[in-house]
Amino acid sequence: MADISLKEVALIIGVVAACYWNSLFCGFVFDDVSAILDNKDLHPSTPLKNLFQNDFWGTPMSEERSHKSYRPLTVLTFRLNYLFSELNAVSYHLLNLVFHAVVCVVFLKVCKLFLDNRSSVIASLLFAVHPIHTEAVTGVVGRAELLSSIFFLAAFLSYTKSKGPDNTIVWTPIAVTVFLVAVATLCKEQGITVVGICCVYEVFIAQGYTFPMLLDAAVQILRGKGSIPYSMLQTLLKLIVLMFSTLLLVVVRVQVIQSQLPVFTRFDNPAAVSPFPARQLTFNYLLPVNAWLLLNPSELCCDWTMGTIPLVESLFDIRNIATITFFCFLGSLIFFSLRYPGDSSKTVLMALCLIVLPFIPASNLFFPVGFVVAERVLYVPSMGFCILVAHGWKRLSSKNMLRKLSWICLSVVLFTHALKTLHRNWDWESEYTLFMSALKVNKNNAKLWNNVGHALENEKNFERALRFFIQATHVQPDDIGAHMNVGRTYKNLNKTKEAEESYMIAKSLMPQIIPGKKYAARVAPNHLNVYINLANLIRTNESRLEEADQLYRQAISMRPDFKQAYISRGELLLKMNKPLKAKEAYLRALELDQTNADLWYNLAIVFIELKDPTEALKNFNRALELNPKHKLALFNSALLMQESGDARVRPEAKQRLLNYVKEEPQDANGYFNLDFEGANSFASPGRAVELLP
């Protein structure tokens, strides 16, 4: 294997920088919001152990709503970003760019195992500029792919050193490989698939076996005409060690998710809940769809769920031709690589392994996933694709008649791909630009219409957001979330009648309760918010409080662990002058989440209603332990201390009021109460009077 020169490294890094410099001007979009902005695991106040107890999005793995994606080492890098720059998106994007450059350089080293120097550089350049990678590089959550790929490739490189002189086993590289596989898997689950690539490398590359040789040896052994050669026994030993280590990792991973798969709806992956043969035909058709994205990345889309790709429901669907063509081509390559000896066959075989094995977890073929197509999961498979292209280019350029044409074609591909990548990065600048670019490719995905609406909603452009939400209901009339979005937007526009009508439509689309069947497993947990939203809307009418309470109770009956339902019901019960029942609701919510400062504050208000100031103050204090800047807890606990008449707590009351006016400098009540505490040096009655309306 040839070493990598500094010129080659500089070339790769320069190309990566040229393609992705504008990603530094992008913000947090799409999945970044959940993984970065809303993820408390990034905050220094969150214990580090939580990273190993929660999923990629900061949700405890034990909770049903957890996505079950376990990537603590990736989250740790996000936390380091937050430590140095908090939520400055530039640092996150810069680190992604660096990681992509590292992957490209390490990939170059892998390519040199199977290709000559020139072809290896070409494969690495093709990988560096491929537009399919924009989601993995420019989308911050794509860091899981980047980190996993670094350790994935490092594990493979380590394994290639496990063969010593005279075919002896060198155990240190194998131990390092197992460690790196574990690290890759803790960055993203697909990292574990490198074990399969190591096994194929061991059998067909390191030992030089061909499929006919293995078949012949197996036949001889079964007939009792021979024994297993010593070299083959050594190979088996290495494979057993690898497979046992993999099995151990799988067992640990299953334990982490507590043997539960995440809950996905039919909107996330329609084929997953479709009957035979639509399920099988569609999943197989998705394979050529992914292959086409690698071949022709001209129409990229950030979200391929819902109606993006219609189901293949019949054997007579013309799209089945694409599936058959794909399998014929793949089968031919596999046959060629296994049947014939030689360097070319070995290169094709390893390229196919890089394409196929890392893609298996996302293929839907063995278990359903929460998407139809995801561009970022093609990050590692595209390595094999780039090796195939570089290998094919090498063979074409070796022919005198095609040499010039092959160079022209290669130059065009590299230039156009780099240009497409640079242009595609701008699509990830904001949520609005990202989802609008997706709608240019696909108008049959209601989720895209909803997400454009959300982007406009965040800008308080409710009128325009409403148009996108309504269009989402037209594209997917049974989309509960779309009708909820319409209802919420009508509410923001103070059109309560229209809001209630939309919520009622969403409620009517909810699956009916089936006796004896766990309801939560058949519906997205966030869809249950329709009961909360509808109840919150109608409880503004004093004559409909009981009706609102019935909605809260209905949500709780469907999900006994629905925390928000208890919180909202507690607020309603206080409004209905039922403090004891409100107390029960809040205590139940605290059983589900003891880290919610608002909950402790609400419980304190209940104790005030129950004329128990001592317990109220305890709960205010607990809220402030969790959130020292909780404004309402600061103000009301200070008032409670004042009213107690206890001189010992007056200094603390004064300090809390000082903290309150720092948070709410325009609230006259804070200054009045500070004046009462004798804090005239800080604020005068004149300041309070000045603030009065």
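Note: Cβ is positioned from N, Cα and C throughout, glycine not excepted.
Where the annotation comes from TrEMBL, it is an automatic prediction and has not been curated.
Per TrEMBL, the features are:
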TRANSMEM  9-30  transmembrane segment
TRANSMEM  90-108  transmembrane segment
TRANSMEM  140-157  transmembrane segment
TRANSMEM  169-186  transmembrane segment
TRANSMEM  192-215  transmembrane segment
TRANSMEM  236-256  transmembrane segment
DOMAIN    259-330  domain 'DUF1736'
TRANSMEM  318-336  transmembrane segment
TRANSMEM  348-371  transmembrane segment
TRANSMEM  377-393  transmembrane segment
REPEAT    446-479  repeat 'TPR'
REPEAT    563-596  repeat 'TPR'
REPEAT    597-630  repeat 'TPR'
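Within the chain, the repeat 'TPR' (597-630) has long-range Cβ neighbours (under 8 A, six or more residues past its boundaries) at 567, 570-571, 574, 579-580, 582-583, 586-587, 589-590, 636-637, 640-641, 643-644, 656, 659, 663. Averaged over the repeat 'TPR' (446-479), the predicted model has a pLDDT of 96. Note on the repeat 'TPR' (446-479): residues 30, 267, 301, 303, 305-307, 430-432, 435-436, 438-439, 485-486, 489-490, 492-493, 509 of its chain, located 6 or more positions outside it, place their CB under 8 angstroms from a CB of the stretch. Here the repeat 'TPR' (563-596) has Cβ contacts under 8 Å with residues 528-529, 531-532, 535-536, 539, 545, 548-549, 552-553, 555-556, 602-603, 605-607, 609-610, 626 of the same chain, all six or more residues outside its ends. Stretch with the most C-beta contacts under 8 angstroms to the transmembrane segment (377-393), considering only 9-30, 140-157, 192-215, 318-336, 348-371: 348-371. If you look at the transmembrane segment (192-215) against the transmembrane segment (348-371), you find at least three C-beta pairs under 8 angstroms, all six or more positions apart, and that counts as contact. Taken residue by residue, the repeat 'TPR' (597-630) breaks down under DSSP into 27 helix, 0 strand, 7 coil. With a cut-off of 8 Å between Cβ atoms, the residues of this chain six or more beyond the transmembrane segment (348-371) that come close are 67, 113-114, 152, 189-190, 193-194, 196-197, 200-201, 204-205, 261-262, 264, 268-269, 271-272, 283, 286-287, 290, 304-305, 330, 333-334, 336-338, 377-378, 380-381, 383-385, 387-388, 391. Counting same-chain residues at least six beyond the ends of the transmembrane segment (140-157), those with a Cβ under 8 angstroms from any Cβ of the stretch are 28, 30-32, 35-36, 56, 71, 73-74, 77-78, 89, 92-93, 95-96, 99-100, 102-103, 106-107, 109-110, 176-177, 180-181, 183-185, 187-188, 190-191, 193-194, 197-198, 201, 358, 376-377, 379-380, 383. Sequence-distant contacts of the transmembrane segment (318-336), counting only residues of its own chain at least 6 positions beyond either end whose CB sits under 8 Å from a CB of the stretch, comprise 281, 284-285, 287-289, 291-292, 312, 345, 348, 352. With helix defined as DSSP H, G or I and strand as E or B, the repeat 'TPR' (446-479) counts 27 helix, 0 strand, 7 coil.
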